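I have placed the structure first, in the form of structure tokens, so that the comments after it can refer back to it.
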């Protein structure tokens with residue numbers, strides 16, 4: 001019956017001997033030329049067909065096709081019928097269970113669909129290129145306004161009060177809100193339409209930014225010099241802390257939705273090179289916004305007072321909201337409404353229950369528990385945990401602790417500035433290297449290379465630090481160069497690790513698991529912040545450096561161990577990766 005069905009399918013196809021259609025996730029077929037008997041059968045039952053891509057095929061009516069075939073004229077004696085062979089060593093992303101791949105008929109012959117070159121071209125071609133360009137524009141504009149504000153409020157608080165404690169308090173509660181709120185927001189985003197959720201999060205972020213700006217402007221105009229403890233208890237500061245926490249949570253939720261969900265839909269889940277290039281572009285835009293945002297606000301401060309600068313920033317926030325909403329609608333329209341996700345009828349009740357203020361504590365704890373259970377059961381858990389481990393590196397990285405160390409050792413501010421600029425350049429270069437690595441060796445080996453490279457260079461930096469004083473020229477240059485070059489590995493894995501998680505996490509859980517990862521990463525940063533507070537003397541920097549190197553080395557070891565001992569599910573998930581293709585041969 002299987003051979004008869006194959007003949008029926010071949011008889012109803014066009015006479016072109018080579019099929020050029022491609023169905024992602026379905027087995028690849030190769031057709032050999034039909035025999036004269038089948039050609040005769042075609043001439044009696046010719047049906048025009050067109051080839052389509054990116055569709056799901058319904059095979060529930062196969063029995064009807066078989067019954068209809070019984071009415072065809074019988075074949076002359078001696079005629080052979082070409083048969084179809086379903087390859088068993090291909091990625092199966094269709095709705096069928098993975099175990100069913102072994103049940104394909106083993107007597108079929110190979111039928112080619114796309115050449116290797118054509119498959120590589122398809123892998124590098126986004127599913128919705130126009131939608132990706134609109135996503136880049138939205139990400140660039142929204143991130144630029146956000147980075148401008150992220151530089152504005154600490155500068156305003158520093159002018160308002162000489163102590164670093166107010167800035168630290170606002171930052172601490174921002175991290176705490178992400179740790180507690182990211183799981184419930186991620187679960188809500190998975191059960192709510194993408195475009196309305198995007199619009200709502202932008203509205204919340206802009207509103208909280210405006211409230212924060214109003215509080216800071218009020219304090220600059222009315223508040224006098226007070227003690228630090230008195231400042232922390234002022235009503236305007238309490239409102240600033242609450243608004244800042246909500247703004248940080250909304251901003252990270254927008255980042256998770258665009259970086260873990262939207263870009264996957266627009267680039268294509270089965271197009272790894274296109275997805276790697278899209279992830280690299282988002283990272284470049286993020287680095288660009290960090291630099292430009294700080295530079296723009298610094299330029300404003302040279303020409304205007306701080307209150308005027310905050311008012312200009314507020315005006316930009318107000319203008320950004322309608323533009324971002326319009327860009328969100330544009331992304332959906334030019335991508336053939338790819339962001340219009342299908343929701344089950346129960347989703348509306350789930351959203352209403354999650355938004356119930358009376359159950360906010362219960363829903364929060366339930367979401368954290370549910371998110372943790374889903375997070376630890378994912379196939380790509382080691383890759384995600386490696387990303388979390390990298391957040392423990394707060395000493396051997398450009399930042400406040402490194403700046404404080406260099407200034408304490410009497411290093412010239414010009415060298416400190418050049419070091420920070422070099423780290424930014426290395427991060428930008430890494431976004432180009434990462435997509436090339438994915439194309440050459442696959443995402444799994446590219447991830448391992450990034451982690452090993454970072455751990456090796458940080459080990460060199462740690463050795464140089466313990467070998468002698470870094471105030472001397474040669475040890476200092478080796479120390480700073482090792483840390484700057486390690487950013488190549490760090491940012492490369494940031495891009496590649498994101499793609500590994502995008503590939504391994506179902507679209508229905510992308511925001512939940514992404515939010516849970518951000519939550520755990522925020523917890524890691526809080527732990528290291530507490531360690532830095534305890535070991536606040538510069539002489540204790542070596543201890544923090546050891547913790548940083550250990551965390552990166554642990555991430556590399558965990559990822560390589562996962563890569564070297566793959567499970568069957570991991571092989572199914574990354575079956576097109578060169579690492580597993582070489583093992584298969």
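One is the number of the first residue shown, and numbering goes on along the chain from there.
Backbone N, Cα and C define each Cβ position, glycine as well.
Checking TrEMBL for transmembrane segment across the ranges 474-491, 492-509 points to 474-491. Relative to the transmembrane segment (411-434), the listed stretch 474-491 leads the set 232-250, 379-405, 446-468, 474-491, 541-564 in CB pairs under 8 A. By the Cβ criterion (distance under 8 Å, sequence gap of 6 or more), the transmembrane segment (164-185) is not counted as touching the transmembrane segment (474-491), fewer than 3 such pairs being found. The transmembrane segment (379-405) shares more Cβ pairs under 8 Å with 541-564 than with any other stretch in the list 232-250, 474-491, 512-535, 541-564.
Cβ atoms under 8 Å from those of the transmembrane segment (232-250) belong to residues 149, 153, 165-166, 169-170, 173-178, 181-182, 185, 201-202, 204-205, 208-209, 211-212, 215-216, 218-219, 223, 226 of the same chain, restricted to positions at least 6 beyond its ends.
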